[in-house]
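Student: According to TrEMBL, the transmembrane segment annotation covers 22-44, 56-85, 105-130, 142-165, 189-211, 244-265. Sequence annotations record features per position, and here TrEMBL assigns domain 'G-protein coupled receptors family 1 profile' to 35-211.
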Amino acid sequence: MSDINGIIFSEKYTKDYDKTFIILYIVEGLFIILANLFLTIRLFTNRQLRTQKEFIVIGACLFFDVIFGITYFSAGVYRAIVVFVYEKFPLVSMWDCFMTIHNQFFIFITIMAGIVLVFTAIDRFICVFFPIRYIKLHVEYAYMLMFLPYLIILPLWIPAAIGAYENYSVKNFTMNCLMNQALTIDYYVLYRTIRIVSTIGCIFLYLPIFVKMCVRTQSIYNHTKIAPGSTKNGKRLLSMTKTVALITGSTVCLFTVPDLITYFSPFINSNVMYLMNLNKGVVNLIIFLTTQKCLRDLMFPRSARKTSAMFASRTTRTNHTIIVHQI
């Protein structure tokens, strides 16, 4: 170790740091931010969609993925600055790492990833098992359900901040500041456990939903016939349930599995695990665009208008043909 101008440097050279992950964090993180932010703004500025409970749930998931993208983008920018400014990694304290922007976001998404899924799974459970009541619920229900989880963060953040501050004078971490360097071991394990337990809990919650969808799909349609636009409502509810189920599956594969691996193999390369986490943002975007036509129309408005124009043209030609045949 060396001390230059009050900064203590480690013996690790920044030139030896793998810059591939920095580039991936910045590029992929920026893509996730822009794509999800565009869709979120388009959805919540659409008068028709922002008053439908199903699309508020989707919008809340898109908004969370914006924060998710900011997390990795800010981590990439932070480490790029460190690598290009310093020849050797400076040593910092746990408190220094805790107070970095990217670790604040990492703490947030680690806790929230599973909790948001639990709330969306609860929404789908109500939708599938109590479709009439679900249709009668006001739009405020969806806003409250999807944004209530954000209030859970503060009680979990405060004790972690206190634990990190108690180690503010001990500079024994390199300045790349991974999340496990920003938290005491107890809270690092707690946050990971919350995500693992909540995502696995969603699987058990989705089992009866899946059975209900497969065995009694026709029953769901029959129930929704009491409400206006019954068949359309039934298809929309089932489509949304499928979308959320796929997102839950991607979270289990790209969050829960890496979390379990790091639990049992703590010395494994964590960058690979973080990269798996990062890819969840892209996978979720693909799921949304492939399962929800409304989102495709929002993402590619010109293509949607062209398709609508072609459909209208075909309808007009069909009507003309019918009239000619009748004559």
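Count begins at 1; order follows the chain as displayed.
Including glycine, each Cβ sits where the backbone N, Cα and C put it.
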Student: Short question: which residues 6 or more past the ends of the transmembrane segment (105-130) have a Cβ under 8 Å from it?
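Tutor: Beyond its ends, the transmembrane segment (105-130) has Cβ neighbours at 53, 57, 60-61, 64, 67-68, 70-71, 74-75, 137, 142, 145-146, 148-150, 152-153, 156-157, 160, 179, 182-183, 191-192, 194-199, 201-202, 205-206, 208-209, 212-213, 220, 237, 240-241, 244-245, 247-248, 251, 255.
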Student: Do any residues, 6 or more residues outside the transmembrane segment (56-85), come within under 8 Å Cβ-to-Cβ of it, and if so which ones?
Tutor: 14-15, 17, 19, 21-26, 28-33, 36-37, 39-40, 43-44, 49-50, 100-102, 105-106, 108-109, 112-113, 116, 120, 123, 139, 142-143, 145-147, 175-177, 240, 243-244, 247, 274, 278, 280-281, 284-285, 288, 292, 295
